[in-house]
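Some features that Swiss-Prot has for this protein:
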- Asn37, Val39, Gly64, Glu85, Asp115, Asn134: S-adenosyl-L-methionine binding site (BINDING)
- 293-317: region 'Disordered' (REGION)
Amino acid sequence: MCCTSGCALTIRLLGRTEIRRLAKELDFRPRKSLGQNFVHDANTVRRVVAASGVSRSDLVLEVGPGLGSLTLALLDRGATVTAVEIDPLLASRLQQTVAEHSHSEVHRLTVVNRDVLALRREDLAAAPTAVVANLPYNVAVPALLHLLVEFPSIRVVTVMVQAEVAERLAAEPGSKEYGVPSVKLRFFGRVRRCGMVSPTVFWPIPRVYSGLVRIDRYETSPWPTDDAFRRRVFELVDIAFAQRRKTSRNAFVQWAGSGSESANRLLAASIDPARRGETLSIDDFVRLLRRSGGSDEATSTGRDARAPDISGHASAS
């Protein structure tokens, strides 16, 4: 289950009236290309913050704060927040909004006007421990992978995305929704669904439901996390899902050099060559690379190559 413990909110949260007033004051019109749909329901932002489990000890990286609904709830939780906003108009107004609704809490907010995909470690004064984000479908996967790679300090990610994207992120091996994002996120941690969000809590109202997804980074990674190893694992994932309906033996022929060598490598990794790539877990891909000479059996984490399966299959809550 998702973490739901929290404290009583004391900061004034934004409602429908405040959201509309702010937009009118700024002469702001939401841009569909940026996925600008803003939450105006206090119970929803409370729920997102509770699902994230953030506390006073956290430095939260909020992606896409918009008009500030979720920002205020995160600050009221006691967290320090760095808000990354791509829209310069919204970024310039956020601190004023927080000051008006929280009095003395604005000192715990830093605003960065930047595309999240261009964000680097040196852009932040301190390493974030958590991410909370409301992401449009077209940037959700690249943004999540970029943040998990760029900021190894992040221990938990809580993201609100379109329901269809949420299903893909947390899908089980072999399911229709299971794909490249499902596997790659599990390289970093356990992935789970945390429920649905109605379109009626947003302005403008989107046409689809949203879903909450939480990613908990492994406390101790069962495999190396350096860029070189990750890229080689991800290469295998991309190969398998480029031809997801093929048998693993046939999908990996070019990578292995021949059909027989492909079968031998799969068997060495305890994978049936007749299995389709869409059924393989992150553990399978890592094991395939290792048993094919892709890395030493002794890893940088001190874990054996035959580490138990902790791929973090999704669970609904």
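For all residues, glycine too, the Cβ spot is worked out from N, Cα and C.
Note that the structure is a prediction, hence the values are computed from the model and not measured.
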Query: Same-chain residues six or more away whose CB lies under 8 A from the CB of Val39 (S-adenosyl-L-methionine binding site)?
result: Val45, Val48, Ser69, Leu70, Asn134, Val201, Phe202
Query: Widest Cα span across the S-adenosyl-L-methionine binders Asn37, Val39, Gly64, Glu85, Asp115, Asn134, in Å?
result: 21
Assigned conformation of Asn37 (S-adenosyl-L-methionine binding site) - DSSP reduced to three states: coil
Message: Among the binding-site residues Glu85, Asp115, which residue has the fewest other Cβ atoms within 10 Å of its own Cβ?
response: Asp115
Field: Proximal but sequence-remote residues of the same chain as Gly64 (S-adenosyl-L-methionine binding site) (Cβ under 8 Å, at least 6 apart)
entry: Gly35, Val84, Glu85, Ile86, Val116, Ala133, Asn134, Leu135, Pro136
- request: Would you mind checking how many other C-beta atoms are within 10 angstroms of the C-beta on Asn134 (S-adenosyl-L-methionine binding site)?
  value: 25
Task: Give me the non-local Cβ neighbours of Asn37 (S-adenosyl-L-methionine binding site): same chain, 6+ apart in sequence, Cβ-Cβ under 8 Å, ordered along the sequence.
output: Pro30, Asn134, Phe202, Trp203, Pro204, Ile205, Pro206
Query: Per DSSP, to which secondary structure element type does Gly64 (S-adenosyl-L-methionine binding site) belong, with helix, strand and coil as the options?
result: coil
- line: By a three-class reduction of DSSP, Asp115 (S-adenosyl-L-methionine binding site) is assigned coil
